[in-house]
């Protein structure tokens with residue numbers, strides 16, 4: 001009886017005629033969806049610039065370098081993100097199959113109170129995370145205005161610049177209703193340089209590994225692969 005009850009509870013909510021196969025009908029579409037999914041995952045974990053900003057504020061000495069606590073913090077943060085995102089993705093795919101929407105809340109139809117509460121949580125989450133994620137952008141814009149254009153640093157300048165930036169990004173988000181389809185592009189565009197290209201260049205410039213060694217070949221292959229991929233994407237665009 002317990003086995004039957006468990007099976008019934010697992011199947012509860014699964015849509016009729018659910019399909020778990022590839023969503024695309026062609027091989028090319030399947031490949032592009034695969035890379036787009038990788039971009040979505042990269043976008044979900046895209047906190048590289050924020051990580052650098054945080055580490056820059058941590059005291060660091062040769063005896064107690066900042067990379068120790070920073071590494072532990074990054075591991076915990078990634079685990080928390082995985083615990084929040086992957087169960088939702090797995091359950092959503094189990095219930096709706098390949099017809100699940102980019103935003104799982106769009107696929108849900110009931111209960112109404114849960115959908116409303118989840119959307120409110122999303123609003124609260126975005127209000128807080130957006131400010132943190134945009135801090136490097138705010139700092140860059142204000143630095144340019146003060147040092148290059150000779151604006152006087154003040155609270156008024158910060159208020160105007162940041163609100164204009166938020167309004168601009170909100171306008172872009174409203175203008176493009178298919179923004180979910182662009183997540184793969186933005187994730188790959190931000191993820192590939194910071195994860196493959198820049199670390200390889202920094203490693204080759206700082207450590208200067210022996211030519212034709214394993215480390216030398218590995219870094220150059222990653223760099224050249226990124227260059228060729230970027231060139232191909234630009235040609236397709």
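From the backbone N, Cα and C atoms, a Cβ is placed for every residue, glycine too.
Because TrEMBL annotations are produced automatically, they should be read as predictions rather than curated entries.
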31-52, 185-206 - the one TrEMBL records as transmembrane segment: 185-206
Annotated range (TrEMBL: transmembrane segment) out of 1-23, 116-138: 116-138
From 74-96, 212-234, the residue range that TrEMBL assigns the feature transmembrane segment: 74-96
